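Asker: A single structure is presented below for examination.
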Amino acid sequence: MADISFPPMEQLQDLEYCIDSNPPWGTRLCFAAETILLAFQNYILMLGTSVMIPTLLVPAMGGSDQTGLYPRDRDTQIIIMTFGSYDQGDKARVIQTLLFVAGINTLLQALFGTRLPAVVGGSFAYLIPIAYIINDSSLQRIPEPHERFIQTMRAIQGALIVASSVQIILGYSQLWGLFSRFFSPLGMAPVVGLVGLGLFQRGFPALGNCVEIGLPVLLLVIGLSQVGNFSNVLASASLPPFAMTSICTLQYLKHIRPMRDVPIFERFPVIICVTIVWIYAVILTAAGAYRNKPSLTQASCRTDRANLISTAPWFKFPYPLQWGPPTFAAGHAFAMMSAVLVSMVESTAAYKAASRLAIATPPPAYVLSRGIGWQGIGVLLDGLFGTGTGSTVSVENVGLLGLTRVGSRRVVQISAGFMIFFSILGKFGAVFASIPFAIFAALYCVLFGLVASVGLSFLQFTNMNSMRNLFITGLTLFLGISIPQFFDEYLPHHGLVRTNAGWFNAFVTTIFVSSPTVGLIIAVFLDNTLEVEKSKKDRGMPWWVKFRSFRGDNRNEEFYTLPFNLNRFFPPT
């Protein structure tokens with residue numbers, strides 16, 4: 001038995017850079033290039049969500065992705081002068097604004113929030129409340145599409161501004177930190193796992209809409225990121241000649257290092273795979289391979305369907321209230337609060353995964369609350385600038401930390417600079433934003449799975465020979481996937497909850513279509529009610545309890561202390 005035992009390890013192995021051991025900078029050109037490319041890789045990855053959300057929402061709001069001619073009739077001209085420019089590529093402007101605010105939020109979170117290497121971007125959790133606002137009868141009665149888009153955007157802004165107060169209060173009052181005292185390794189393992197597994201619909205089902213583009217990306221990213229493991233293991237196996245040829249190629253790739261001491265295929269799999277298959281997709285599009293295909297296939301495969309390059313301005317600086325003054329409605333705000341609560345749960349689980357992949361301690365309650373508070377500030381910025389959605393931690397970028405084995409905070413901070421830079425220079429950002437979504441879906445298959453496995457790794461600190469623990473873990477994972485799937489099936493039919501209060505319907509549905517939120521409710525309830533006192537050791541509490549407070553572990557100060565000596569003014573509580 002001693003030969004097959006693996007003692008629990010607080011830190012993962014085989015990671016090159018942890019949260020505060022940054023890639024070398026400034027001493028040699030190759031090291032500077034490594035840092036910049038790693039940051040650019042984070043930027044490329046978060047484009048998938050940043051483009052997909054406006055693609056879904058803007059047309060439903062009445063916005064356009066075309067640049068039209070100025071109308072001649074006087075009535076429409078009056079509307080333009082009152083509500084803004086006509087038909088000026090609304091989707092491109094929303095994407096630019098979303099990227100700009102994501103860059104600001106990422107920088108704020110990495111500097112003053114949890115200080116973990118986590119990218120903060122647009123969230124799918126807000127889609128149901130936003131859909132409720134879009135379908136508001138008072139907005140649907142507006143006949144002119146662009147006017148309806150502007151008024152809907154203002155209503156979304158008002159709801160986000162009000163709802164952000166919930167997150168700000170729960171964060172800065174330390175109430176979320178107090179609630180986190182009910183967490184344990186047993187409870188958080190399935191919840192973090194569900195952050196990845198719960199997004200399965202954005203993986204292979206989306207890849208399947210364009211297999212000829214998505215599948216090569218999936219195979220390439222697996223092959224390149226694991227090139228060393230494949231070549232070492234398979235080289236000794238007895239395989240057919242064609243397989244041996246592939247192994248020889250892997251062995252050759254393993255030793256190709258244009259930048260000395262930097263394994264480029266293992267460090268930059270996203271950039272390499274996206275570039276190769278993107279060019280392939282451009283060739284297929286130019287050759288007319290999708291000319292007579294269904295609209296879903298064309299939207300997933302073509303590189304020219306988004307109309308982003310033609311409609312994006314060369315230079316546009318997003319600014320607060322650019323769509324006009326927000327409008328406020330109680331029902332809209334209450335519906336949006338559900339998405340804020342869901343994003344808090346999802347971000348909390350993502351922070352736990354990011355800390356493990358960055359070789360940091362689990363964020364203590366004070367740091368977790370501080371991060372949630374700053375995330376609330378981020379949602380407030382979303383409302384002021386008009387991004388069309390709220391913010392949460394990007395799960396795919398957390399998975400990238402493990403894929404590249406780089407958990408550096410500096411890399412994420414520089415990636416925030418890329419987001420801001422390319423959002424201002426619209427044409428250049430639009431070029432990268434035209435990458436087909438099937439490419440991102442293939443990357444999600446790997447990255448979401450990696451985050452899920454990181455969550456399950458917390459089980460090593462628990463007793464998995466306990467039937468109590470097996471029951472809680474299994475039930476949480478199963479219901480965390482099954483319940484959201486049940487609610488999701490009713491979404492095309494106006495949802496499962498159908499009361500006269502539309503905001504209540506949106507509130508309940510938003511909560512129960514989120515796998516991590518359902519998982520947290522089940523796991524925390526069962527873990528804190530079933531034989532709690534007898535099972536402290538089985539739950540992993542002897543290891544977990546020291547990370548509850550900021551001074552419970554000496555390493556917390558190294559990882560989470562605020563910069564510029566700000567801890568003097570904001571001491572940990």
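Every residue, even glycine, has its Cβ placed from backbone N, Cα and C.
Annotations for this protein, taken from TrEMBL, read as follows:
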| type | residues | note |
| --- | --- | --- |
| TRANSMEM | 43-62 | transmembrane segment |
| TRANSMEM | 118-134 | transmembrane segment |
| TRANSMEM | 155-176 | transmembrane segment |
| TRANSMEM | 182-200 | transmembrane segment |
| TRANSMEM | 207-227 | transmembrane segment |
| TRANSMEM | 233-253 | transmembrane segment |
| TRANSMEM | 265-290 | transmembrane segment |
| TRANSMEM | 323-345 | transmembrane segment |
| TRANSMEM | 411-431 | transmembrane segment |
| TRANSMEM | 437-458 | transmembrane segment |
| TRANSMEM | 470-487 | transmembrane segment |
| TRANSMEM | 507-526 | transmembrane segment |
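Describe each of these features in terms of where it is and what it packs against.
Answerer: Beyond its flanks by at least six residues, the transmembrane segment (182-200) meets 345-346, 349-350, 352-353, 395, 399, 444, 447-459, 461-462, 469, 472-473, 476-477, 480-481, 484, 514-516, 518-520, 523-524, 527-528, 538-541, 543-544 of its own chain at Cβ-Cβ distances under 8 Å.
Sequence-distant neighbours of the transmembrane segment (207-227) (same chain, 6+ residues past either end, Cβ-Cβ under 8 Å): 250, 253-254, 265-266, 269-270, 272-274, 276-277, 280-281, 284, 296-297, 299-301, 403-404, 436, 438-439, 441-443, 445-446.
For the transmembrane segment (265-290), the list of distant contacts is 34, 37-38, 40-41, 44-45, 212-213, 216-217, 220-221, 224-228, 253-254, 256, 297-298, 301-304, 400, 403-406, 435-436, 439, 443: same-chain residues at least six beyond its ends, Cβ to Cβ under 8 Å.
If one looks beyond the transmembrane segment (323-345) by at least 6 residues along the same chain, the residues whose Cβ comes under 8 Å of a Cβ in the stretch are 83-84, 123, 125-126, 128-130, 132-133, 136, 150-151, 153-164, 166-167, 170, 176, 191, 372, 375-376, 379, 383, 386, 390-392, 501-504, 506-508, 510-511, 514, 516-517, 520.
Same-chain residues lying 6 or more positions outside the transmembrane segment (437-458) and placing a CB less than 8 Å from one of its CB atoms are 12, 45, 47-48, 51-52, 185-186, 188-197, 199-200, 202-207, 209-210, 213-218, 221-222, 225, 270, 273-274, 277-278, 281, 299-301, 349-350, 352-353, 356-357, 395-396, 398-400, 402-403, 540.
Tertiary neighbourhood of the transmembrane segment (470-487): same-chain residues 186-187, 189-191, 193-194, 197-198, 200, 459, 464, 495-496, 509, 512-516, 518-519, 522-523, 526-527, 530, selected by CB-CB distance under 8 Å and a gap of 6+ residues from either end.
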